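First comes the structure, then the notes that go with it.
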């Protein structure tokens, strides 16, 4: 019997469905660059999402609205390269940003196909409920799997009046359940449930055949998603209720950079261990360049031979 570890099964949309049926929880991480993707994949995440949240986390905007399709393609391609440097097991999903699918189904299909062809994603995610059923059908018919996203949908932040929990009353909860069913019938292979009551998320998850991925939606979703920067504790100022910090990397980074600055200022870094040396290099006089004619005009030590 071989002592080598068998390769982990590549996560596909069919594998995610199998995981739901088997009661196996799905771990999703949002990442934006090659290094983060490589580390997340090596840690065993099932899905890496390149989220349009990069507008806030990476670009420093107040919302996701300024993010363009070009931005999403750029970051998706970087994440794809990172996954290629690891096991490449994780399924890669790319967000469809604001303005890339709302205008028409034709535009949506083109946007989705670009994310696949140029960004290297295996599926796309879009926000919205039953009003996007035809868009989802068209994208799916074009051969691109679609992950839905209901509840708090950040691209609709102005309509929602801010980043607030959705579905807290019976009428709105019923609408979210209808939306979830409509997205499943339209062809979504999974749905993100963001910032809705845990009780509602449990009902939706139990009534759908496709996996639900929760963020701020309680324990009973089929999977969970967090932004890598958030779960690592990169930003002390961002502390939403649904984020658990599994590390305090932000403080560790500040400490490490502070130590670097201190050693530079004290002339401690770089030491011999971090410098290159040669016993054969010697310098001979080199004439400086005359400012008038550009010709050497005197002796200056500095030309290696």
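Note that Cβ sites are derived from N, Cα and C of the backbone, with glycine treated the same way.
If you look up Swiss-Prot, you'll see 194 marked as active site, proton acceptor, on the strength of sequence analysis. Within the same chain, the residues at least 6 positions away from residue 194 (active site, proton acceptor) whose Cβ sits under 8 Å from its Cβ are 149, 150, 151, 152, 153, 166, 214, 215, 216, 217, listed in sequence order.
Marked as Mg(2+) binding site by Swiss-Prot on the basis of sequence analysis: 52, 95, 127. When secondary structure is read from DSSP and collapsed to three states, residue 95 (Mg(2+) binding site) falls in the strand class. The number of other CB atoms found within 10 A of the CB of residue 95 (Mg(2+) binding site), across every protein chain shown, is 31.
Per Swiss-Prot, 3-methyl-2-oxobutanoate binding site is recorded for 52, 53, 95, 125. Other Cβ atoms within 10 Å of the Cβ of residue 125 (3-methyl-2-oxobutanoate binding site), summed over all protein chains shown, number 24.
For the recorded site, residue 52 (Mg(2+) binding site), the DSSP three-state label reads coil.
A coil conformation is recorded for residue 127 (Mg(2+) binding site) in the three-state DSSP classification, outside any helix or strand. Burial estimate for the binding-site residues (52, 127): highest at 52, by number of other CB atoms within 10 Å. The two recorded residues, residue 125 (3-methyl-2-oxobutanoate binding site) and residue 95 (Mg(2+) binding site), show a Cα separation of 5 Å.
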